[in-house]
Each structure stands twice: as structure tokens, then as C-alpha cells.
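Pulled from TrEMBL, these are the features on record:
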- B:1-61: region 'Disordered' (REGION)
- B:1-15: compositional bias 'Polar residues' (COMPBIAS)
- B:148-167: transmembrane segment (TRANSMEM)
- B:179-201: transmembrane segment (TRANSMEM)
- B:213-233: transmembrane segment (TRANSMEM)
- B:239-259: transmembrane segment (TRANSMEM)
- B:280-299: transmembrane segment (TRANSMEM)
Amino acid sequence: MAFTLYSLIQAAILCINAVAVLHEERFLRKIGWGVDQSVGGFGDEPGIKVQLMNLIRSVRTVMRVKKKNFNI
Amino acid sequence: MDYTATQSGFRQQPSMRLRNSPGDSPDGSQLFEDTSRAGPGPQAGYRNQQAGPQTAGFPGQTLLSEPMSNLAMAYGSSLASQGREMVDKNLDRFIPISKLKYYFAVDTVYVGKKLGLLVFPYMHENWEVSYQQDTPVAPRFDVNAPDLYIPTMGFITYILVAGLALGTQSRFSPELLGVQASSALVWLIMEVLVVLLSLYLVTVNTDLTTIDLLAFAGYKYVGMIVGLVAGLLFGKPAYYLSLLWCCAAIFVFMIRTLRLKLLSEAAAEGKLVRGARNQLRMYLTMAIAAAQPIFMYWLTFHLVR
């Protein structure tokens, strides 16, 4: 149970990496979690599922830029 | 040559002094002290009229060093103030110090009332945070406002009490203190992150900042300390009893505090507003409040044997 700060940082990096390497076409569309599958609810409440999809999409977009900078 | 020059310069001093300030004997004694250090003669009058011993320390080799050293000192001090401004500005970008100051503006009465509220929240009626022209009032003036003083002190006290508990069971070593500290800190950070994530997912429009959430998550340390101390003094049954009491108290405290911030106005006043959104928010509030007793038990049970 003895967590250290370092293990938290490790876990965070691994999680972000996992989200970043998700392939949208192969997996998310099959489950029905592709972002273009969510009909834009312009009214109120986007709902949890749409929020989660948007979150994954935005993390992937940010990571794409940072990965390019890192590898260069 | 220089010494005679200084001495003649200083001998001119008493007559000038007598004309200017007749009753200044301490300055007269300072004159005698100054003659022990070598100083440039013609400048001595200027220096002593300023009564500044700070420039008397310079071993003035040449007559030109006097204005130069003043200039250098002025330049150095301006550099230092510039450097400090730059550090302040940059630090303020990463850690909002002015915002943090608000959370530490507490006084003894507030701390006492808040601690009482954390252990016995059942009689308190008005849980709203009072505002003053759109900004929340400082914790000093409002018992309901969140602060960071109690959580910080509670965290440190928890670590100390944990060390004490380990010591009474002769399991103590100084590294364990660090292990306890970092472990508790990690759980705290994870809890705040999970709450932030869930607030984002449920799209709650609230004015709860991250620091507010940190403060609310830190309030459980008070209950943990009460439970641990009771367990140390009176044994395991006392630990369980006091922990149960503090868990219930924190549960009620969190629900009543968060209800006003997360739920819509109507639901916060107790009327049952139907609708999936409000129900979701109510579940979220209850989940956050229910997580507190779980953490309180998880972080303390291994310390009381």
C-alpha cells in the first residue's frame, strides 16, 4: 500500500500513453465510441459518454503534438 | 599624509558640530571611532553629517572611490529588486500565490469553529458561503468558507501521529515517516484528480476550484487524527467508535457543503427535482462524500493494532 509519488507519476504516464496509442478506427468505432458517431447535442447536457469521447479525443490530439516534439 | 589630512579634517568637525548641534555628545564619540579607520579627509564632513557608519567601513584608498561605491551600491540594489520582481512574476504564473493567501487568512476563532463543525455538523443551519461583490469572503469572516490551513496542519499532524503510533508498536524507523507522508499525499492527489475528472464528465457548472477540492479532501485528516489518538489512548474499541463518529460527521459535512455548490438552486434547498441531471449530480455528491470515510479507514487501520 506504500505508494510513492514516483509510482503515481509512472501510473499517470502509462495511462496517458495508453490513451494516446488507442487506434480510433479499429477499436473505438467498433464499440461505438468514435467521436464522429456522437451526434452533436447542441442543446444542454452532452452526457457522460460524449464527454468521455471528447476527453479521449482531446488527450490524443495534445499527445500527438507532444509526441512529435519529443521524437524530434 | 592621509592620516594628517583626516585628522585635520576631523578636527574641523567639532567646531562645525558645535555650530550645528550643540547637544550631540554621541556623535562626538562616533567621531573618535571614525578616526581609528582610515578615511578620505575632505569627504569626512559629508559622511559624518549623514551619520552613516555604513560607508565608514570602506578602506578608501583613493578619493574617487567614495562616489563610485555609492553608485555601485545603488546599482546593485536596483538589480536585486529587479531580480526579485522577475522571480515574483514568474512564480505567480505557476503557483497562484495571491489566491493561496486567501485560503490561509484564518484566525483562531475560525479554526475552532471549523474543527467543531467537522466533528459535529448536525446543529449548523446555514451552510452558504457569503460573498462580497462576487468574491467569496475570506475564511476569517465566514465559517463556511474552505481554507487550507486546517488541511495542511491536519496532514502534518497525521504523519506525526502515525509515527507515534508506529513507535508504540516498535515498528518505527525514520524512513517510514517519509513513506507514510508520500503515501497519504498520493492518495490525496488521486482523490482530487478523480473528483475533478468526475466533475468534468458530469458537466457541472460550479465555481469550485481545484484548491477548494484540495481543501475539502484535506478535512478528513481531522477525523483520522481523532480516531488515531483515541485508539492510541484507549485501545481498539475506542478507535472504532471514534472513527465511526468522525466518518458520519464528515459524511454529513461533505454532503451539506457540496450540495450547495454542485446541485442546482432548487435541489439544494431540499425539494426533489426530477430529472436525470439532478439525479446524477446527487449521486456524484454522495459518492464524493462516501469516499471520505473509506479513505479515513484505509489510511488508519494499519496503524492501530
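In case you wondered, yes, glycine gets a Cβ from its N, Cα and C as well.
What you are looking at is a predicted structure, and each value in this text was computed from that prediction instead of being measured.
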Chain residues outside the transmembrane segment (B:213-233) and at least six past its termini with a C-beta under 8 angstroms from it: 103, 115, 118-119, 146-148, 150-152, 154-155, 157-158, 161-162, 164-165, 168, 188, 191-192, 195-196, 239, 241-243, 246-247, 249-250, 253-254, 257-258, 292, 295-296, 299-300, 303-304
Contact set, same chain, for the transmembrane segment (B:148-167): CB under 8 Å, 6 or more residues outside the stretch: 100, 103-104, 106, 111, 114-115, 118, 139, 176-177, 180-181, 184-185, 188, 211, 214-215, 217-219, 221-222, 224-225, 228-229, 231-232, 299, 303-304
Same-chain residues near the transmembrane segment (B:179-201), Cβ under 8 Å, at least 6 residues beyond its ends: 155, 158-159, 162-163, 208, 210, 213-214, 217-218, 262, 284, 287-288, 291, 295, 298-299
